[in-house]
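Here is what TrEMBL records for this protein:
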SIGNAL    1-23  signal peptide
DISULFID  Cys32-Cys225  disulfide bond
DISULFID  Cys73-Cys83  disulfide bond
DISULFID  Cys88-Cys94  disulfide bond
DISULFID  Cys142-Cys214  disulfide bond
DISULFID  Cys147-Cys197  disulfide bond
DISULFID  Cys155-Cys165  disulfide bond
DISULFID  Cys169-Cys178  disulfide bond
DISULFID  Cys179-Cys184  disulfide bond
Amino acid sequence: MGAATTLVSCSLLLTALLTSTHAATFLIENSCGYTVWAAASPGGGRALGPGQTWTLNVAAGTKMARIWGRTGCSFDGSGRGRCQTGDCGGLLNCQGWGNPPNTLAEYALNQYGNLDFFDISLVDGFNIPMVFTPTNNFGGKCHSIKCTADINGQCPGPLRVAQGCLNPCQVFKTPEYCCNNIKCGPTDYSRFFKLRCPDAYSYPQDDPTSTFTCPGGTNYKVVFCPRGASTFPLQMYVNETYVE
């Protein structure tokens with residue numbers, strides 16, 4: 001085989017490899033009746049009014065990534081300010097992760113077996129109802145997940161904060177809830193979240209029922225306040241019936 005032919009073959013192989021692990025597209029949509037300051041790591045952040053969308057192209061192989069919504073925000077012309085939930089260092093264009101409480105869409109692209117791994121996590125608490133949906137089904141291999149219950153309205157008293165519901169780790173900071181370097185299981189508080197959002201992570205080691213996969217090359221949609229979610233996701237109520 002000549003040198004030119006070898007170069008052509010290598011070029012074709014490289015093209016095939018790049019094509020098989022191309023970037024994923026994430027469409028972020030705000031279906032809430034109020035502004036949500038969407039955030040993504042990687043990606044940054046921006047304000048989304050009701051009905052507005054934001055498209056992100058994420059590189060193949062990206063891992064430890066997340067998308068979330070921020071509420072109660074105020075930013076100046078330079079993009080500095082503060083949010084009541086999900087704040088990321090006081091910046092409109094996030095450079096890191098957000099502060100609890102924030103409902104998280106988490107993902108890692110093109111991992112073992114060229115699979116994408118994705119989940120909705122309440123390990124950082126809850127602030128906005130969410131659906132995380134693969135937009136190409138691959139013959140039923142992909143599964144849409146959601147957390148659309150009225151978590152804010154029913155939040156147990158010790159976990160309740162303005163515009164959100166904290167996970168017990170943030171409140172009590174004990175190994176039982178945080179699972180720091182120990183094997184841990186569900187608690188009454190984690191069951192509160194799991195009962196209302198069966199698809200979502202309710203505590204740090206809730207992997208078996210909370211991690212989902214799609215073939216690499218899948219595109220995704222994250223919707224805040226999807227149809228069928230609580231009508232008043234920001235309104236807080238006292239739950240008199242819940243006892244830890």
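All positions are counted from 1 along the displayed chain.
A Cβ is built for glycine as well, from the same backbone N, Cα and C atoms used for every other residue.
Just so you know, the Cβ of Cys169 (disulfide bond) picks up 22 other Cβ atoms within 10 Å once every protein chain is counted. Around Cys165 (disulfide bond), the same-chain residues at least 6 positions away in sequence with a Cβ under 8 Å from its Cβ are Pro101, Gly125, Phe126, Asn127, Ile151, Asn152, Cys155, Pro156, Leu159. Of all the disulfide-bonded residues listed here (Cys73, Cys178, Cys197, Cys225), the one with the fewest other CB atoms within 10 A of its own CB is Cys178. Residue environment of Cys142 (disulfide bond) contains 19 other Cβ atoms, counted within 10 Å of its Cβ in all protein chains. Nearest to Cys147 (disulfide bond) in space, judged by Cα atoms and limited to the disulfide-bonded residues Cys32, Cys83, Cys178, Cys179, is Cys32.
Among the disulfide-bonded residues Cys83, Cys88, Cys94, Cys142, Cys214, the residue whose Cα lies closest in space to that of Cys32 (disulfide bond) is Cys83. Within the same chain, residues at least 6 positions away in sequence whose Cβ sits under 8 Å from that of Cys214 (disulfide bond) are Leu115, Asp116, Phe118, Pro134, Phe138, Lys141, Cys142. Within the set of disulfide-bonded residues Cys83, Cys169, Cys178, Cys179, Cys225, the entry lying nearest in space to Cys197 (disulfide bond) is Cys225 (CA atoms).
Among the disulfide-bonded residues Cys73, Cys88, Cys178, Cys179, the residue whose Cα lies closest in space to that of Cys225 (disulfide bond) is Cys73.
Long-range C-beta contacts of Cys94 (disulfide bond), restricted to its own chain and to partners at least six residues apart, with a cutoff below 8 Å, comprise Ala39, Ala40, Ser41, Gly43, Gly44, Gly45, Cys88. If you count neighbouring Cβ atoms within 10 Å for each of the disulfide-bonded residues Cys147, Cys155, the highest count belongs to Cys147.
Spatially, by CA atoms, the disulfide-bonded residues Cys169, Cys178, Cys184 include one closest to Cys83 (disulfide bond), and that is Cys169.
Nearest by CA distance to Cys73 (disulfide bond), out of the disulfide-bonded residues Cys169, Cys178, Cys179, Cys184, is Cys169. Between the C-alpha atoms of Cys184 (disulfide bond) and Cys178 (disulfide bond), the distance comes to 9 Å.
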